[in-house]
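What follows is a single structure, written as structure tokens, with notes after it.
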Amino acid sequence: MSSSLLWAVDVYGKVYSLSTTRGRWERDEDTLLELKRVTAGQRCSWGIGCDHHVYLNIDPGEVPIRYREETYENQRWNPVDGFTDVLLPTDRWAWSDLTGVTAKPLHSFLLPSNSWEWEGDWYVDQVCAGGDPIETGGWEYAVDFPANFSREKKWNSCVCRRRWIRDRIYKARGSWTKIPLDHPKQPPLPLSDVSCGGWEMSDQPGRYHFLWGVSQQGQVWFRSGILPQVPEGQCWEQVEAPREVAQISAGPGDLLWAVLWDGQLLVRTGICLDSPTGSSWVVVDSPPVKEGGTIHVAVGVSVVWAVTKDYKVWFRRGVNSHNPCGSGWISIGGEMMMVDVGLNDQVWGVGEDRGLYFRKGVTPSEPSGRGWIPVSAQWGHSKEMVQPSAGCEFGGQVTNASHGSVLTCEDSGDTELLLTTIPPRPQDTPKAFIPTSDSFISSLVADREPLRTPTPSPKKPPQGKDREATPAPMCNVDLDAAQSPQGEASSLGRAGDVGPPTSVATYPLGLEPSLGLGEEDGPVWAWISGGGCDVDHTAQMTWLRPADPCSTALSIAPVEPEASTSRKAETTTSKEPVERSSSVWVRKGSMRWWRDWKPYRWVDVGVALEQSTNVNGKRDAIFFIYFTQYDEKKYLHVFISDVTVLVPVLKENSHHAFAVYTSDSTKQRWPLILAAQTEKDMADWLSLLAGCCCEARGIRGTPSRQALWSVTSKGDVMVHEPSPCLEAPAHTLPCDMMFWLQVPGHLRCVESNSLGVVWGIGYDGTAWVYSGSGSAAEEEPPQGDRRVLHTQTDERTVYIYENQRWNPMTGYTDKLLPTDRFPWSDDNGFTECTKSTTHPPSPQWSWVTEWAVDLAFSGGTDREGWQYAADFPVTFHGNKSLKDFVRRRRWVRKCKITLTAPWQEVPPIPLSDITVLPCLAQSSMEQVSVWGLSDKGDVLCRLGVTPQNPAGSSWLHVGTDQPFKSISIGGGHQVWAIARDRAVFYRGSVSARNPAGECWYHIPSPPKQSLRQLSVGRTSVYAVDENSNLWYRQGLTPSYPQGSAWELLSNNVTKVSVGPLDQVWVIADWVPGCPSELSVPGAVCHRLGVGPMQPKGQSWDYGIGGGWQHISVRGNSTEALRATPALTGSTPRSPLPARPVLTGSTPHSPLPARPALTGSTPRSPLPARPVLTDTTARSPLPARPVLTDTTAHSPLPARIPLSQENGNSVGL
């Protein structure tokens, strides 16, 4: 590692440097040099002297700094004298620059300062502009000024010129020199602060530096013209500021912050290479402190640190070039007078005890670091270490010390550490005066003698003015473990003295009372600059390495010694960190972001997750997205506490995409879609973001027994932990604020109950049972993840369609019309899907079969798998006719996924549907009823299912006379089912002792409708038909559980789930506010106002949407608090206008119909019409009279199956 320097200034203006390779402090060779402040950059440093001049120090290097001065000698030809320097009045100067505008005679060139010297005399450049040598004495000829010059003299050459060159070299490298004053411009008023930065904005080898300054009147100045060949710059330019500035800090990039006199902060925006002074100022609030504001700010590449008037250290979150103002302040442990951000965003500071400290653990992923350690480096040429501790790093929350000691160094041959007595001091006595201000430093310019201060007497401590004029010993650090309850005084003890053990960290940072201030004494630091010190978290520096590896972070506080006697102190360290400081953790990466405005496309962005932890251990995180639009840096941010779901999605041209939903994006139906470069990157980011979301909400362990389960169209399993307000009659938790957490696994549907029994079915029909240990709602979540992981597999089928059109010459061919669909497409023909371009859903999937023609296509096919129709798109059939001009056939291929998930397989029968008995949380059952349908339509009842054994023992076959397609069991063991011929059945006499029941009762379907799925609650039954209409069964009573009639409630519903409290949740095909650009249906909706007096509810609440396929609320038996009064007449949460609800009459649609893409009339609910009780059905079709459901009123079974009632038991 190359050597770099750490600069520091003591309170007397003496300048010191610490080399990273030599590891020792050295005072500058110029003993008369006194600086007030120093700012270091890459290979150079600036400072403000006590004489108000700006000083420059350039690090020594092998390559000298040269600057070439040039001027042009111009001549014109005349018939008498030939070429002469007598020019026309309209010509350029006889000696000028290249353009001829500025006169530059040889005698006008002067050295800019004493730091330069001439390297030789003036000489003629013998090389022309093209690079070839000139044999004519360096002259170039042209017709006139200005024109193109050449080395050849022609007959019409009337003017000539040649270039004179002289080099000067910078000789003052490695020493501090004054920057010359601006002539003839007005120099700035005396500066009080300077800061350099900007060298990382340029990719050139020499790097440019930006130098900013603040005058004593609060004006901001910028040093222009600083180049690698012109390190001193050219002139000062004033930058207007809205108010008076007290201090300024520039980062290596384009960040610039300033502190105002009133403690507020300013941020300069628009800084770039083309506009180094920026464009505007933005006011930023200072950290939240009780009194005062900010007194110091330090800026790095992407970090900002600040010190307030109470000497507390603060860290600014979310700062970078896209967001220079940041997003918030985080309090950091420790008390500092000032801090400085160096290379690699490493942080240095001057403690309140005037010691130098380094922030350990600062990394790109944790920019706030983990604690403060002292800078313990060798002093001068001796072996003595100047360090604020006795060879170790101390941890502890530092408070007012009860025993104070100062570690000093004697002038003997063997360096000996002694404890010097600190006399007691009353609380009302002012603190020892330490010179810090510029005026005090200026007063010390004339006095260079070492200051000696007599040791104060313990009996007569100095008071008043005498005490203020006497530099007292510096403060010490007292560990919490060393605080004495009695507050006994300490005295100077001998080696043989025995006294009560204490734990005191002592520091040689004060002025030794018995010694003069020379090189043997530790300086009292006032300023530090690490901008040129190349140190990072991996560097192994002996002067930054604590002696005890078990030591912890340091927190600094001023010392107020109260002891009157001294005793031998034993320094100890604690293995447990005592300091509880805040920290910031950051992870950065690059992704692609789907820009959600026209033109819609993928944009390369940078992402960053910033997580902060306060002193109480509470964490908060922000997710940033940085992008550039029209050369303007912009950013988006999402608070992790606002995230409602993180879910992988299937997006065009991206296999590693996932969506980030918040409550606002859920309302707007515009999720934040990002795509990672690899599947592993997406999994890592999802895991990281999900962990932060769980920490923000206090979610730990596995899902509880009351959890809501759902499945996306991609097969991802999601879970939500409900709260009592989710089903409250008033102040209900909105659906768009629900947080969904992904559970490992891949399923098609999931069903659960409040006893922790969770079943799922994969796309291949395999039954799975959740092997996690769910906890009750009132129980505390388990520590850690207690899920039993298994190997889970699932298979999906991918379809593509081959399309052809008939023509008279060649018959059926793939040469289609321009308005037709693609020759190879998806089902609707909008997307081209060929065998070579069609891939599995994600890289986790792999093909298990080859492409084959699907001969089992619904609607029938011919021997080759073709279906025929008159045109695209119409209904296809399997038989060819003379009017059929187009045909298609479906190709099928299977893919398989294998993953590790907490799901246990339940062989051997493939299932198509599953249902679990819902019950209340306080219920106790020996066995839980689980019913299912096989892939062939057989009805099965699972035996031996308990909360301890959710998989059960065997299947019991329940006889039917036809295959079924949907089944559900509700409260009181009510079993309802739908047959494949659209008939609805109710299973009678089902109980805990008779789990299979006795017989089936036929219940008519809604007129002209075919039901496909139903769900049974405690006292209600809901069903969904093939046209996505939601139906409610009226007239259900304990004595007549079959009900009386069906009533239409809504349309555009694809799935319904009724819970143990009769709560109703659905998956809607489309919801209001969803943009037409989002072609993925499926949104979670909640029925509001459901109660005993209003079993059908009142309105819909719209939740997460876009790609949801299944939901189960049958485990949520968390009842709302009864003390909460219900609000009557409240406006439902819906973007649609509020409508009056007539009991049993008005259908409530959760959403208008999804707009069609082909110009067809969208499906929308009909206007509200009065409903005749049990006579008129609600349907999107014209109203028709409903036949009286007389069959359902008969207590006798309407249809008795031919098979046996209970059937045979099928073992595992």
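Glycine too: its Cβ is placed from the backbone N, Cα and C atoms.
Feature annotations, reproduced from TrEMBL:
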DOMAIN    64-125  domain 'Peroxin/Ferlin'
DOMAIN    138-171  domain 'Peroxin/Ferlin'
REGION    446-505  region 'Disordered'
REGION    556-579  region 'Disordered'
DOMAIN    585-696  domain 'PH'
DOMAIN    793-854  domain 'Peroxin/Ferlin'
DOMAIN    865-898  domain 'Peroxin/Ferlin'
REGION    1125-1212  region 'Disordered'
COMPBIAS  1203-1212  compositional bias 'Polar residues'
_If you average per-residue pLDDT over the domain 'Peroxin/Ferlin' (793-854), what number do you get?_
91
_Intrachain neighbours beyond the domain 'Peroxin/Ferlin' (138-171), with Cβ under 8 angstroms and 6 or more residues off its ends_ = 58, 64-77, 83, 91-92, 99-100, 106, 109, 111, 115-126, 128-129, 132, 231
*Please work out the helix, strand and coil residue numbers for the domain 'Peroxin/Ferlin' (865-898) from the DSSP assignment.*
0 helix, 18 strand, 16 coil
*Write out how many residues of the domain 'Peroxin/Ferlin' (138-171) are helix, how many strand and how many coil, based on DSSP.*
0 helix, 16 strand, 18 coil
*Which residue counts does DSSP give the domain 'Peroxin/Ferlin' (793-854) for helix, strand and coil?*
0 helix, 26 strand, 36 coil
